[in-house]
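> Please find one structure pasted underneath; my questions will follow.
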C-alpha cells in the first residue's frame, strides 16, 4: 500500500504524564526566558547609540534569529506536552523542517561572521572600521539568511520527493530531517548521505572556521594582555561557550548516516533549548556595556 502518509505522530521526550508536566513547565519557562532575554537585547542595542559597533549589530541579529528558531519548535512542543495524541499534518511537518533548517543554518553562518568580527577587531584593529563597516555588516547578514534559505530548500526538496506510506511515528518532539526520512518507503542511502554532506558539512566547516579564528586571536594577543585585550578575550570566551553548545550537538546529529540512537532527541534539546536560553544570558552578564545600557533603559522605563 503506497498511499501517502497524511500525518505524523510525535512521541516526544517522555510517555509518562508526570514527566510531561515537568517538561512543560521547564520548557515554558525556557521559552519565556528566550523571548524576554532576546527582546531585551534587541531593544537595548537599537535604543542606545553607544551600542552601534558591528559586534552589537550582529548580536542584535543573533537575538532575532534565536527568537525565530525557538518559535519554530517551542509552541508546538508545549502544546504536544499537554495533548494525548501528538499528531502533526504532513504539510505542517515539512514546514517545521524547512523553517528550522532555514533559521538554524542562518545562525551557524551568523556565528561564523561574529567570530570574523572579533578576529578583525583584535588582530587587525587599524583596519576594523573599514573592514566591518555598516554596509559590510548588512551584506554579511543578508548572506547568512540567503545561505540558510538555500540550505533549507535543498533539505526540504530531498525530503518531499521521498514516498511515505507508513509507519508514521517520529521518535522526537519536532520534525527534523533524520527521523523523518527514516520513515520513507524506499532506500534512502543516497539521500541520507546527500543530506549529511549538506547539514553535517556546513556544521563542521563553520565550527572549524570558528576554532581557527580563535587560535589566530590567541596567538595575536599572546604576551600583550592589556585591559582592552582582557575585555575582548572575555567576549571571545562567551562566544566559545555559545558555539560549543550549538555546533557540537549539530555535528553529532547531522555528520553521520541517519541511523537512530535512543538519545538523539535528548541531544537535540541542547541546541534547540539550552543554546538559545544561554545566548542572552552569556552576552549580557559578561558584557558591562550591555548591562549599563539595560540599566539606563530600565530607569527610563520607570520614569
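Just so it is clear, glycine is given a Cβ too, placed from its N, Cα and C backbone atoms.
Unlike curated entries, TrEMBL annotations are predicted automatically.
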> TrEMBL tags one of 94-116, 163-185 as transmembrane segment - which one?
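So the range that TrEMBL calls transmembrane segment is 94-116.
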> Considering pairs 6 or more residues apart, do the transmembrane segment (94-116) and the transmembrane segment (20-43) have at least three CB pairs under 8 Å?
no
